[in-house]
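S.K.: Below you'll find the structure I mean.
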Amino acid sequence: MKLKRSHYGGSLTEDLVGQTVTACGWVQTRRDMGGVIFIDLRDRTGLLQVVFDRRDLSAAEFAVAEHLKNESVLAVQGPICIRDPETYNPKLPTGTIELRATRLELLSTAATPPFFIEQAGSVREDLRLRYRYLDLRRPQLQHNLRFRHQLQRATENYLDAHGFWQVETPILTKSTPEGARDYLVPSRVHPGDFYALPQSPQLFKQLLMVGGLDRYYQVARCFRDEDLRADRQPEFTQVDMELSFVDQEDILAHLEDLFKTVVQEVTGIRVESPFPRLTWQQAMDLYGSDKPDLRFGLPITDITAIAAQCHFSVFRRVCDGGGVVRAICVPGGDAFTRTQIDRLTTTARRCGAGGMAWISLRPDGQVYSILTKYLTAEEIAAITAATGAQNGDFILFCADDLATVRRTLGTLRLAVADMLGLRRPGEYRFLLVTDFPQFEYSAEEKRWVSTHHPFTMPCEQDLPYLQSDPGRVRAQAYDVVLNGVELGSGSMRIHRPDIQRQMFTALGFTQQQIEQRFGFFVEAFHYGAPPHGGFAFGLDRLAMLLLGAGSLRDVIAFPKSKDAACPLTGAPGRVDAAQLAALHLEGGRPTAGGAQPPAAPAVDVDAVAALAMLELTPAEREKAAADLHAMLDFTGQLAAIDTAGVEPTAHVLPLQNVFRPDVPSPGDFHDQLLAMAPTTYKNYIRLPDRDEKGGAKA
Ligand code: ASP
């Protein structure tokens with residue numbers, strides 16, 4: 001008879017001692033003591049020690065136990081017993097008990113796994129992703145996925161209790177602009193036409209409001225084809241919501257309550273509310289970022305007024321040119337080592353600043369800085385007073401155009417916080433950022449683009465500037481930030497078709513483009529649209545932050561790797577010519593003889609650049625990545641060409657051997673070369689000896 005599980009092995013306790021139970025799971029380890037075999041049986045609740053004693057089992061079952069392989073799957077039955085005290089394992093919740101097997105059923109035999117589950121934490125990530133189903137057996141990943149499930153459930157419970165209905169929206173749809181490229185799906189039925197996968201359910205959730213649903217939410221999968229940075233995935237999950245007949249304050253109050261309730265429920269941590277608020281402008285000026293980490297202070301002080309009048313020509317020149325000079329005071333930063341200061345300076349340069357000026361105030365009040373050569377004692381005192389610096393503090397400066405100064409000081413602020421260990425794990429600081437600019441200028445596209453998305457309502461008083469001065473228009477848009485990470489964004493929406501048209505025009509769309517891309521959407525607003533607004537936050541991202549996980553990949557069961565590939569399935573992959581033909585994509589590179597060239601291996605451009613000792617700008621990096629991929633792709637195509645049975649040939653033209661007498665060519669080229677060489681030895685050009693690092697030897 002087949003054994004049927006009665007209990008999860010990892011959750012058994014001493015209360016069950018004496019009872020016969022049946023547990024199922026995977027063999028984590030096996031120790032053969034001759035006549036008695038011990039295994040650790042793993043299930044999703046943990047480990048349980050199982051003992052196979054020759055005297056308790058049939059000969060056939062014991063023989064199975066003798067040959068058990070790691071990761072094989074078993075069902076075992078027997079009484080739960082207290083272990084001998086000297087074999088207690090204090091590291092396991094089940095460390096004082098064991099199951100003495102009287103029956104054993106081998107459900108599946110495992111081949112030797114490419115890594116041991118208990119050691120998987122230190123295994124290369126690409127290998128773990130390739131065998132993700134083994135990686136998923138790790139308690140850490142199971143814990144993360146369970147936590148994520150609880151987080152999602154708590155969020156859904158909250159939304160349900162507040163009258164939100166979950167409604168599904170289409171995946172095969174029209175482009176929804178959120179600032180990334182679309183993933184496209186060719187239509188077989190409509191030759192040459194494509195669906196776009198949604199970058200978000202934005203258009204549909206607004207149409208649900210026009211449809212009178214009043215409060216909507218969806219745990220929605222979104223797809224954005226963008227270059228993957230550390231905390232991005234091409235497909236991710238958003239908790240998406242929309243509400244009718246509300247204003248911005250109503251939505252922000254909801255969000256505070258939602259996050260507070262959910263965080264308390266899943267972590268037990270009480271979050272203070274109301275959350276602090278900053279306008280976008282304040283956040284950028286005070287912290288150099290629209291998503292500042294508020295677990296620590298280190299605000300930025302504007303000292304442009306002092307710098308514009310001072311004796312230091314570098315500061316004065318920047319101010320005269322319309323730039324700004326700003327500073328951060330680091331309490332206790334006088335203890336920074338030279339190496340740390342050099343590291344900060346390199347960071348400043350990477351952000352585009354010319355360098356980083358600094359002043360160190362020694363504990364005895366002495367001023368230590370190169371700036372003492374250029375600034376008077378009064379000027380230094382004015383700066384110290386403006387930044388609030390005390391003895392023992394360190395002031396760092398950036399003088400440049402506004403954008404560079406914000407970017408540089410925002411980055412330095414984080415770098416300093418990391419050096420001083422100020423980003424404390426386990427502490428949660430929420431922040432609301434409001435009043436984002438409606439547009440930002442894209443130098444690449446040479447036009448204004450939406451900071452949020454084109455459906456965001458501008459602040460009423462800025463409406464007159466939509467066409468004439470887009471740069472000054474503020475949006476009724478807001479972000480929720482947690483510990484320096486943008487959790488999500490939202491906005492009040494445009495619900496008047498005339499304003500929506502004006503917005504598209506301000507973004508540079510022609511009437512024809514508006515009709516073609518968004519005609520159905522604008523039309524809907526002619527039939528009675530309620531004022532509405534909404535928000536969406538990244539579920540993966542919130543789970544990652546609350547778990548203190550290092551990567552989104554740690555909270556997604558089957559994530560993509562950094563180059564948007566799935567190492568487990570090999571997606572994206574080539575499809576055969578017949579499939580392409582059915583989709584009317586014959587031009588899409590059918591391969592010779594139906595053979596599929598292997599997908600080009602992923603190239604880690606950063607690793608290649610590091611090997612070549614090259615520092616790449618983002619544009620160079622993108623170009624290098626494209627070139628390397630094109631090369632690998634081409635090699636892949638060459639490798640896939642079917643050359644079986646083809647006559648080997650070295651030349652495409654018929655060959656005829658020609659014999660030429662072996663006579664050295666006339667002329668004194670050799671002498672000319674020697675004459676041009678800086679140093680010669682006999683008849684040779686002499687090159688300086690080089691040491692290993694490429695420097696000339698003395
Ligand atoms: N659709 C927006 C996004 O995905 C969120 C919103 O405005 O509700 O970021």
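Here the Cβ of each residue, glycine as well, is placed from N, Cα and C on the backbone.
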S.K.: Select one of Gln233, Gln476: the residue that TrEMBL places in the ATP site alongside Arg224, Asp225, Glu226, Glu486, Gly538, Leu539, Asp540, Arg541.
M.R.: Gln233
S.K.: Please find, within the list 202-205, 294-297, 310-313, 598-601, the residue stretch that TrEMBL describes as region 'Aspartate'.
M.R.: 202-205
S.K.: For Glu226 (ATP binding site), which residues in the same chain are close in space, meaning a Cβ under 8 Å from its Cβ, but six or more apart along the sequence?
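M.R.: Listed in sequence order: Ala180, Arg181, Arg232, Pro234.
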S.K.: Taking the Cα atoms as reference points, how far is His452 (L-aspartate binding site) from Glu486 (ATP binding site) in Å?
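M.R.: Their Cα atoms are separated by 13 Å.
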S.K.: From the binding-site residues Glu178, Arg224, Arg493, pick the residue whose C-alpha lies nearest to the C-alpha of Arg541 (ATP binding site).
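M.R.: Spatially nearest to Arg541 (ATP binding site) by Cα position is Arg224.
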S.K.: Relative to ligand 1, which of the binding-site residues Glu178, Arg224, Glu226, Leu539, Arg541 have a Cβ found under 6 Å from one of its atoms?
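M.R.: Only Glu178 qualify.
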S.K.: Return the residues near Glu486 (ATP binding site) by Cβ distance under 8 Å, restricted to its own chain and a separation of at least 6 in sequence.
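M.R.: The list for Glu486 (ATP binding site) reads Asp290, Lys291, Asp479, Val480, given in order along the sequence.
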S.K.: Please classify the secondary structure at Glu178 (L-aspartate binding site) using three-state DSSP.
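M.R.: In three-state terms, Glu178 (L-aspartate binding site) counts as coil.
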S.K.: With the ATP site defined by the record as Arg224, Asp225, Glu226, Gln233, Glu486, Gly538, Leu539, Asp540, Arg541, how many Å span the farthest pair of C-alpha atoms?
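M.R.: Greatest Cα separation within the listed binding residues comes to 19 Å.
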S.K.: What kind of secondary structure is Glu486 (ATP binding site) part of, going by DSSP in three states?
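M.R.: In three-state terms, Glu486 (ATP binding site) counts as strand.
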